[in-house]
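Chemist: Handing you a structure now.
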Amino acid sequence: WIVFGGNVCHAKQALSNAPLAHVLFFGSVLAMEGVFFLYYSAWNLFQTLPVMGLVGAVAVLSGTRALGEVQGRRLAGQR
């Protein structure tokens, strides 16, 4: 995480400002990894695409809110 610029020190503030968005966004990223693993190990493309569509929609909607909150803190000089 340090190499990529991840900073877990701000997680408490992020979760207090927009808890649902951050949890859903992180969960959707983990769910994508799980679906990719299932596609690699057992599923075919027709099983994977509907699930990825649903997970992707959650990622876009929650990510817009979560990353907008992070941008707001950056522009305010809090990050």
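Using the three backbone atoms N, Cα and C, a Cβ is placed for every residue, glycine included.
Where the annotation comes from TrEMBL, it is an automatic prediction and has not been curated.
Feature table excerpt (TrEMBL):
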DOMAIN    1-74  domain 'Ribophorin II C-terminal'
TRANSMEM  20-42  transmembrane segment
TRANSMEM  48-68  transmembrane segment
Chemist: Sort out the residues at least 6 away from either end of the transmembrane segment (20-42), same chain, that have Cβ-Cβ distances under 8 Å to it, and list them.
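Modeler: Residues packing against the transmembrane segment (20-42) from afar: 14, 48, 51-52, 55-56, 58-59, 61-63, 65-67, 69.
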Chemist: In the domain 'Ribophorin II C-terminal' (1-74), how many residues does DSSP call helix, how many strand, and how many coil?
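Modeler: Tallying H, G and I as helix, E and B as strand, the rest coil: 63 helix, 0 strand, 11 coil.
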Chemist: When the pLDDT values for the domain 'Ribophorin II C-terminal' (1-74) are averaged, what is the result?
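Modeler: A mean pLDDT of 92 is what the model gives the domain 'Ribophorin II C-terminal' (1-74).
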